[in-house]
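Participant: Pasting a structure below so you can have a look.
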Amino acid sequence: MTPSARLSAAIDLLTAMEATPLRPADALANAFFRERRYIGGGDRRAISARVWGILRHWRRLHWWIENADMQPTPRLLALAMMALEPQGRENPDDLFTGERYAPLGLTGPERRLYDRLRGQDLLHPDMPRAVRLEVPDWLLPRLERTFGDALEAELAAMEGEATLDLRVNLLKSDRPTARAALGTEGIHAVETTLSPWGLRVTGRLPVTSSAAFRSGLIEIQDEGSQLVVAAVGARPGMRVLDYCAGAAGKTLGMAMTMENRGHIVACDVSEPRLEGAVRRLRRAGVHNAERHLLVAGDRWARRRSGSFDRVLVDAPCTGTGTWRRNPDARLRLREQDLLELTAKQAEIIDRAAALVRPGGRMVYATCSVLHEENTDQITAFLARNPDFALVPPDSEHDDLPPGLSTDGQVSLTPRQHHTDGFFAAMMQRKS
Ligand SMILES: C[S@@+](CC[C@H](N)C(=O)[O-])C[C@H]1O[C@@H](n2cnc3c(N)ncnc32)[C@H](O)[C@@H]1O
């Protein structure tokens, strides 16, 4: 594809995104490229990079365009990004050519917009704080409460690109061996500093087509997510429950620390998600896991009340900790979503708590940074359930690096830990 055809495709993709604002951008992009199989890998990456660059600065670009008394459109957003881009290497006249497969040439008002914006800093002192920080207005006070004076630095880190992390599957390999195996396939990685099983890939190579991945030596899993597994401390012979297992990302990690001994149950209310676990469990060589679909009035759960040594609640959440991966998620998030999610989290944690045996432990985790979903949720749970208490970490019961948790709670952020944003609270049932 020519550079202008790539630009044209990026504008088409942004138009498709605007038409379905509630659909996650990555799902939409996958569908967009599936319908256009003629777009090759390199072109796809270039188109996505442009679109994701625009999504990362969505509110700022809107502000600039509206400030020029124009109505933001995908075409204007692409043009404004070109003008405001710090490197500013593209000349719009080379791209908006009107030739075959290229966007139409610039109109007079568009050219004036470009000239007005060119060389300006993306951030303007007159921008409202929520625009400057690229967050919805309603969310700003909540983020201020979470991060206080560190808000701007934390959000800046959440604007960066996410790393590609792998968890080495100790059921089949060890860190040096898996790293060497990847190296022979040209995939270079360094050991993560916090997770004892992690590798961080340097570069963007297709890990999922490597032999190391296909044979189950590694799983793709953010280091923060690995640390949630570490917080559970599932050990060989235990009875372990992954209450919101999804496609078993953390079940796989816990089966690994259990050395495939004992029993682990992966539960979820979503059948398709649990279905997605089958292949992953097989590839990882996990033999001690069972899947269970939770349904209303679940008798299965009632019969197992008070019977698990470890229960992980990886609760559905706003995903504010994963904005590096999904910059569009911050734009889609509504206050109503947060209210519904916090109510659901409280219900789930209560249900899951009933399954913990006396003396057993429960870990509540989210990939959110908001206090409402994290510490507030735990404070309210402990007030409702005085038989539970937060427990400090100790190497006998978990695999966390020393000093990572405070009062039985771990809060990870991209700025401080170079992971996705994660929260985990470790609690013990007294009686
Ligand atoms: C954060 S995701 C889990 C991710 C998964 N643990 C992993 O590591 O890949 C939250 C999961 O909670 C599930 N969920 C939603 N409502 C639930 C409920 N009432 N009970 C149990 N699981 C629920 C969702 O289907 C979703 O798979």
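Every residue gets a Cβ built from N, Cα and C, even glycine.
When I checked TrEMBL for this same protein, it listed these features:
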DOMAIN    154-430  domain 'SAM-dependent MTase RsmB/NOP-type'
BINDING   D268, D314  S-adenosyl-L-methionine binding site
ACT_SITE  C367  active site, nucleophile
REGION    392-415  region 'Disordered'
Participant: At the level of the C-alpha atoms, what whole-angstrom distance separates C367 (active site, nucleophile) and D314 (S-adenosyl-L-methionine binding site)?
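Facilitator: Their Cα atoms are separated by 8 Å.
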Participant: If you average the pLDDT over the domain 'SAM-dependent MTase RsmB/NOP-type' (154-430), what number do you get?
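Facilitator: Averaged over the domain 'SAM-dependent MTase RsmB/NOP-type' (154-430), the predicted model reaches a pLDDT of 95.
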Participant: DSSP on the region 'Disordered' (392-415): how many residues come out helix, how many strand, how many coil?
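Facilitator: Residue counts in helix, strand and coil order: 2 helix, 5 strand, 17 coil.
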Participant: Restricting to the same chain and to sequence separations of six or more, state which residues have a Cβ under 8 Å from that of D268 (S-adenosyl-L-methionine binding site).
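Facilitator: Once residues fewer than 6 apart are set aside, D268 (S-adenosyl-L-methionine binding site) is near C244, A245, G246, L274, L293, L294.
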Participant: Among all the protein chains here, how many other CB atoms are within 10 A of the CB of D314 (S-adenosyl-L-methionine binding site)?
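Facilitator: Total other Cβ atoms inside 10 Å, all chains included: 26.
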Participant: Relative to the Cβ position of the residue listed as 'active site, nucleophile', how many further Cβ atoms are located within 10 Å?
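Facilitator: Within a 10 Å radius of the Cβ of the residue listed as 'active site, nucleophile' lie 25 other Cβ atoms.
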